[in-house]
Structure formats: structure tokens, C-alpha cells
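Engineer: Have a look at this one before I ask anything.
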């Protein structure tokens, strides 16, 4: 289970000293080819970090040879100095490995608004370059911030492998803390094929993972192919493998979300379109009163109705139904006998809402709102 | 400070037994005239409670003679029976007082999805009718749910009075729990004048109070005039008095919001339009990471930037500035020295954000996200 399982990839991790905890905080991933194709998706936040701007430009031509990571500092909201620091990281890696700087991406995660401690970062890069090898597992640990466990995945295709590592939760629409994902494969694939597979996969995995409605300045998902297997999968197979990897990482992120005590899926059916179903599911998934009820294992379907009633989508307000873990608790927008007795004490809660307006369906994954979430996020910088 | 201070109004409160706590849970307000003009605004939630549907119809002609309130049960998501129950409350009050049912409004607040205990409600109405008098203060107590203090206001105009009571926090865009407000005045005013004053006042008070982004099924704000003072204020004076009363009640609601430890105002300047400024302020005010930072007295301006970056409005991402309690902490989207040392330990936090995109300004009032918020809202029905 590692990004260095597919042929053609090396990785390294080190403790540069950026994190006060003394845990590993830098990682490097190198694609030794023969191909060095890449696809990437980034945060939609207008306020995006220097490494995002830099990596967007680097990935534009569909080629990446290496990616350098640091945790403990997001290099976001750091102005011109921040961009210069990201460029220096990119340049140092390129120089050490004999690569062109524009083929090196850079990802940072951690505190916003603090300048990167560049002397430490420089030392870290030297150590990373010296330590390259089959160290995917160590790299996955080095990119963690408030994650409690590293997140890795390995999927086997027909004659090729796809490995992945991820940290944080959320992306684009979502984001609890920055989400960084690196996927590596030894399949033979054009940049266009990688891009299609990655966009399709993120749309139905990370994009529908919505922990707290906040969106990071740094979210970055990269997919690198070395072609070292010599096997060129059909697009459908590539799509399926990338989606499976993204789905597993998304599930791991949901399970490890800050303060999570419940994994909650919100499915909206009976919507006019798939898009409206998703908008309605997201509205419910972001409602703090619903999220607190989930924390309390409280089958409070009235809050679900109140939340969905504010979604800017077509619905029949007199004909909404709600199920908790398969139990019908609300029909035609009123209580079903025994609704308050449904047991939600387990760690997984499935909420299904039918809007009575059409045939389309959509699902969003979220979590409860717990004391631990408040605790972690009220004492992050202090 | 009471809705019965203006001439022409009587009120009553009683303990019908709807609340398990044994606290007062029903109230009645009667306008004895000579005028009985009224204006009203209601929740924008598509899922709205039976009493909202009923009161909308009652207020449509600009006349209300009486309003009956109950707390402890919202009569929301209660289907046909719920509407029949609201009609019975309206009819019973009308019959007892010799009024036409369509001139009686009905407001409920409390648990969603439970049928009203009508035998208790019937007894309550009898007690209310028998107890009418200068009992505005008692009425203000009887409409409380999770409120810790009753909320009343009294404003003096030139020769007339305007009194008000309110409960809960939020409305329309916002709402933590249901918000109910009743304003009474002995000014002489047409329904049109009342409507103009009320819409203008709610837009800049209750509508920009956003505690948790949730919106109740029951929010109702009523303004009743008896004309008993004989004084007809100019529209501007009426506007000013109504706005002042709404502002004071909104402030009282913010201060008493569920679990509040900080009163937070979010001002966005430098926006392209007042509407965009408000959208951006609301986006920041609803961000759980920002709200947790406020709870922790943490001057984490990076989260403010990350939050505002997701607002669907024009901004210059390189030129955003942030002030906490007047201290510049972020300029040109980067840290100002000493930013992390700003003291936010007091109960009031003013966040000012400049988008660098225009000249317009908007302010939203919100609160922090505390352990107590989670506690109250994870154990509401259980």
C-alpha cells in the first residue's frame, strides 16, 4: 500500500524541523519514467497558496517529474516572499535531481500566514534527495497534519498498479484542513487520459466529501504515471482504478476527520436533477443543527426537514420523506410513529431524503459536529 | 419595557403544560384599537410550520386583532392535523374574544414534528383570555425556549410608544432556534406604512444576524398598531423607531444565542456592491473554522482569508486586509508583524475585511462556535 509500489517511483521523507512536534514534515516523490505524465486538480478557493499557483503552472503541460511536500506550514497568505520560497523549493529539488524546475510541483500544508522557515526547508530537501527509495509509507506519514493515521491505498489493474497517499479531509467544495493527495501508477497513459480519469474520480469522491463546508487554500490532487509496466489500460479501466483509489482515500479521510464520532452519508432522492440532489444533500450536510443531532445520536428528522427546506432546489414541501439507517421516520413531511426511537448510536448514519420533485439522486459524505471538533479547531494555532 | 406599554394593547401568559419543565408556555396579545393595523414578515424556509401558513393568510389584509403564542412545540412538520390544530387555536381565541378568526395570528416555537397537545392548548387559551391585562413582561417569558433571558424593548417616539418582545435567534437567512418577535405601537399608521417600516428594519437587523446559518420553519415578526396615541408619525420617524426596536432585540438575541461566548461582527468593505459585501460577510460568519477560532480567542486571520476566498463575489485575492478589533493583522493578503499577538479574550470581536474590489460595505452579526453550542444542540430532543 504505497506510492512506491508501482514501478518507476521513488520517495523519501525527513524531519526538517518545521513541525514543533518533531514529527516528519517533508516528503519527495520522484517519477523515474520512462513516461512522466501527470494530471492535477486544485482548490477552487480564490485565496490560494503560493505552492498551488506554482504547481498549477508546472502541471499545465501534463508532465511532472517530481513533487516536493512539506507539512507544518501551508505557505499560504505569505505574499511575494511565499511565492519566492515555493520557487526556491522547486528549484532546489530540480537542481539536485537534474530536472527542469517547471517539471517539479510543490505542495504545502499546515498553518496559514507564517513564512516558511527556509533554512530548515533547504536542509530538508538535501536529506530528501539523499534518501530516495521505496519509502512511500514514510512519505505518507510526513504529509500528515491533524491526521491521526497515515492514509494510503494500492489498487491493482490488469498488469499495472496504482498507489496513493493522502492527508487531511476535504477539497474544493469541502475541506477541513488542507487535503493533499498523490496518486502514482505504472500504467501507460497520455496526460489527457490521466486528466479525464482524475476529474471523473474526484467529482464523485473528494468533491462530495464535505466535512465542515470550509475550503482550504492548498488542496491539491496529483496523478503521476511512469508507464513502467508497459501496459496501456483502456480508459474505462483507468477510470475505474483511479476512482477506486480516490474512493478509498476519501473514506479514510472521512473516518479520520477532525473530531469525528459519526460517519454520515446524506442521500437526496426525488430531485429534479442530479445537480439539485447534490446541492440539497450538501445543504443538509453542512447544517450545524443536523450535525449536532448526529453527534447526539438523536433521530431529529425535523432538523433535516428544516435544513433541506432552505436548499435552493425544487421540492414538494408537503411530500418529503426521511429515512435514518433505512428506517422511515418522516413521510409526507410528518412524523412516522416510532420515529424518535430509531437507534443512531452506531458510528455510521445514513440519512435518506426524498424531495418528491423528480427522479434524480445525489449523495454527500460528512461527519457529525462534536466537542472534539470545537476543541481541535479552537486551539490550533495557540 | 413591554408590549403592553403602548396604549391599546393587553397581553396574558399562562402555563398550559406543553413544556416538560413546567415553565410558562402560552401567551396572548390583543390589540384593542381603535386601529388594528398590522405588518408581518415570515421565514423563507420552503418547509414552514402550520402557524406560519395560517398567520400569513391572516396578516394579508393588513389587519390583526390578536396573536396567540405557544412555546415547547413548533407545530411544524405536523401535516393536516397540524394545520387543523393551528386553526383551532385561532378559532378558539376569536370565539372567546368576539373576533373574526381571520384577524387572529398564531405563532408556535419548540420541537419540530410532534403534534400539539390540544387538550392542554385548549385549557391554556381559556386561561389566557381570562388573564388579559398589562402583562407584556409575562408574555415575553412565556414564548422562551432555549433563551436564558426574556427579550423586551421599549422605544419612545414623538408622542407615541413602540414596545416589543422576542425569543430565539435568527430569521430568514439565519436562525438558531425559531425567532418570534411581536412589536406593538400606539402610533397611527396605515398597514402600508407599517409594512414599509418593518421590511426596512428587518433587512438591516434580524436579516443580518446569522448565528449558525440554519433557518427555522417558524420565524415570524409581527408589528401591530393600535393608533391609540392619536399621533401619526412621519414615515421616517416610524422607520427609525421600528429599526431601533429591532436592533435592540437582535442584539439581545445575539447576546443570548445558544452557547455563545463571543459576540462577533463581521464587516466586509471594499466590495463591488452592498449585496456582495453582505454575501462575503455571511460566508465568513458561517465558517465553522473561523467560529471555532473566535471561541478560542485565536487571532487566526488565515482562516478568515480562506473563508472569504470561497465567497462568490468579486475580490482582489492579493490585496485583502483584515483587522481584529481595529488591529491590522493582514495586509495585501499577508501577515502584519505581531498579528498573532492581538488580544481577542474579551466578549466582543469585530472582524473587518477589505476585499480591494470596490467601495461597498456590509456587516453581519454572529457568534462563536463553542462546546456549549454542541452540547445544547446534541441533546435537544433526548
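Placement of Cβ uses the backbone N, Cα and C atoms for every residue, glycine included.
Computed from a predicted structure; not experimentally measured.
Positions annotated as substrate binding site by TrEMBL: A:145, A:167, A:178, A:258, A:377, A:382. According to TrEMBL, the feature active site, nucleophile maps to A:178.
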Engineer: What subset of the binding-site residues A:145, A:167, A:178, A:377 has a Cβ positioned less than 8 Å from a Cβ of chain B?
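Structural biologist: Listed in sequence order, the binding-site residues near chain B are A:377.
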Engineer: Could you say which of the binding-site residues A:145, A:178, A:377 has its Cβ with the most other Cβ atoms inside 10 Å?
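Structural biologist: Top count of Cβ atoms within 10 Å goes to A:178.
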Engineer: Which residues does residue A:167 (substrate binding site) neighbour through Cβ under 8 Å, counting only same-chain ones at least six apart?
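Structural biologist: In sequence order, the residues whose Cβ lies under 8 Å from that of residue A:167 (substrate binding site) (at least 6 apart) are A:71, A:109, A:140, A:143, A:144, A:145, A:147, A:150, A:151, A:178, A:179, A:180, A:181.
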Engineer: State the count of C-beta atoms found within 10 angstroms of the C-beta of residue A:258 (substrate binding site), not counting that atom itself.
Structural biologist: 26
Engineer: According to DSSP, does residue A:167 (substrate binding site) fall in a helix, a strand, or coil?
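Structural biologist: In three-state terms, residue A:167 (substrate binding site) counts as strand.
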